[in-house]
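Positions annotated as compositional bias 'Polar residues' by Swiss-Prot: 636-646. The domain 'Gnk2-homologous 2' annotation in Swiss-Prot covers 142-244 and is backed by sequence analysis. According to Swiss-Prot, the feature domain 'Protein kinase' maps to 336-622. The N-linked glycosylation site annotation in Swiss-Prot covers N35, N42, N60, N69, N103, N246. Feature annotation from Swiss-Prot assigns phosphotyrosine to Y409, Y509. Taken from Swiss-Prot, the feature phosphoserine covers S465, and the record attributes it to similarity to another entry. The region 'Disordered' annotation in Swiss-Prot covers 626-659. Marked as topological domain 'Extracellular' by Swiss-Prot: 24-273. The transmembrane segment feature in Swiss-Prot is assigned to 274-294; the stated evidence is sequence analysis.
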Amino acid sequence: MSSLFPFIFLFLFSFLTSFRASAQDPRFLAYYCPNATTYSSNSTYLTNLKTLLSSLSSRNASYSTGFQNATVGQALDRVTGLFLCRGDVSPEVCRNCVTFAVNNTFSRCPNQREAVFYYEECILRYSHKNILSTAITNEGEFILRNPNHISPIQNQINQFTNLVLSNMNQIAIEAADNPRKFSTIKTELTALQTFYGLVQCTPDLSRQNCMNCLTSSINRMPFSRIGARQFWPSCNSRYELYDFYNETAIGTPPPPLPPLASPSLSDKSGNSNVVVVAVVVPIIVAVLIFIAGYCFFAKRAKKTYGTTPALDEDDKTTIESLQLDYRAIQAATNDFSENNKIGRGGFGDVYKGTFSNGTEVAVKRLSKTSEQGDTEFKNEVVVVANLRHKNLVRILGFSIEREERILVYEYVENKSLDNFLFDPAKKGQLYWTQRYHIIGGIARGILYLHQDSRLTIIHRDLKASNILLDADMNPKIADFGMARIFGMDQTQQNTSRIVGTYGYMSPEYAMRGQFSMKSDVYSFGVLVLEIISGRKNNSFIETDDAQDLVTHAWRLWRNGTALDLVDPFIADSCRKSEVVRCTHIGLLCVQEDPVKRPAMSTISVMLTSNTMALPAPQQPGFFVRSRPGTNRLDSDQSTTNKSVTVSIDDKSMSDLDPR
């Protein structure tokens, strides 16, 4: 009888929660804030913007059609906005997405006169410009790639490219001719594989403008992947080899939204129908859930795991779905051959692997003598499994086999940032524009962890070797073995076990075990200074009594010679105003008082807005004073038995960064 308890619990829990599934928050993808112009607090523009957003998210908005636009105000204070819901979603899902997007507008793009917010189910957009009936294809682009490549054989690549173009161009024509400016396609490739495509324009566009926008969108998609999507503010396109849209909703008129008021009790026949539905539907759902639960536990009992990683970027990942067969990983890495080794990460070696289906992966094999225990291992899996952001490396699976613990990640072509930044033979490949792009990408990734993901995550080990670079030199934050999850209202946590890397750790964490979002901000500041200078913080050669990079940068700033910090490889080609501003931001991040360090949301605005005034930086943490006998704080060393001389404010800190 006791063996039935898991099923009974699953049944009751699923029954009680199944009716709340539709109320989950929409999946946020990206936002675009050009920061060309801003508005001030209490301005007429802000008042008009609030009125506009209220109108777009009102109960009377056009959720059934999935599109609405509005304009509020006059002349320079005029603001125009719109929402566009994906053509296959229900009015209720549309309303939920738009309302959620409106409620998060000011936290994502504060004080911006123009913005676009991309969600899985909808797009929200506003601007001080006239954005209606105009196809925008030169700004606000966002691309998502399925991490799985198609076969490397050239003729298969050409065949697949032709297939994608043929199908996508066909539905682009259909969408342009459709009043809803929306179309999908389903094409069987083989008995086991089907192609799915979707395109959509905002319905205010003319046929020609919609066609031009979709043509641009489709041509910018990476056809080397088995799935991809591209967004412009005015249109978007997507293809996959799985069913990602609601086929039953295509071609049928959307049902009306459910009434917000209580129904009348006078219609007896109507009430009887409601009672029947209310009784029958939960029973059917409960039976299906029970069957699914039985299959789930039966599968667990067999202890059989996948032989290749699942790459469906839209499925919510579970620990069970991530567990891979050890022998498959062993074969993918040629039995962890030295020829496959591509580096060393936290707690173990990293190998390149290729699965039988052609998927390239990075395999981290944890050392058997590693300090990372089962807690950290499971923590890394749980933390990373459901994160979805282009500036975070994605976990594809894991394996536990006796003493072996293995993590499988997406393969990132250019390895880590430190391989370029600190190698005299390679650092010349990092032009200033690339370094500036990398700084911005890291900032967006940290902002997602701190604010935009479902959980508040503190990384605790941000450093150059944990920033990976893909084929286009886009940064991806990696190695979440030391990350911690915060509660919704939690701003700080203490620990007696200090983990991380010296030189990147904030003073309050290194000395008192206190960590918060501002600890990651400190690490980000050190990274920014390293990217600008091309020098490691811990290997700094003493100059003018400076014993680390942070101290050196602070003294140059204080002396008015900040440009002397710049890496000689980029000194003649960099934009000096951007370099100085980034140095300024880096020094704000490494200030000794954590309260005075800016939040990542503020940093993102600082990096993209040249009009935002920056406060003067104050003394950094671990600032080395010119006196004999000062111990040096080194990087990449154990934190035990290491004394340092620092100056730290002992008052408690609070983090005001909003979620």
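From the backbone N, Cα and C atoms, a Cβ is placed for every residue, glycine too.
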Of the recorded positions listed here (N69, N246, Y409, S465, Y509), which is spatially closest to N42 (N-linked glycosylation site) when Cα positions are compared? N69
What three-state class does DSSP give Y409 (phosphotyrosine)? strand
Name the secondary structure element type, per DSSP in three states, that contains N42 (N-linked glycosylation site). coil
Cβ-based isolation winner (fewest other Cβ atoms within 10 Å) among the recorded positions N69, N103, S465: N103
Return the count of C-beta atoms lying within 10 angstroms of the C-beta of N42 (N-linked glycosylation site), excluding that atom itself. 7
DSSP-derived helix, strand and coil totals, residue by residue, for the domain 'Gnk2-homologous 2' (142-244): 37 helix, 31 strand, 35 coil
Along the domain 'Protein kinase' (336-622), what average pLDDT does this model show? 85
Simplified DSSP label at N246 (N-linked glycosylation site) comes out coil
Between N103 (N-linked glycosylation site) and N246 (N-linked glycosylation site), how many Å separate their Cα atoms? 26
Using DSSP with the three-state reduction, classify N69 (N-linked glycosylation site) as helix, strand or coil. strand
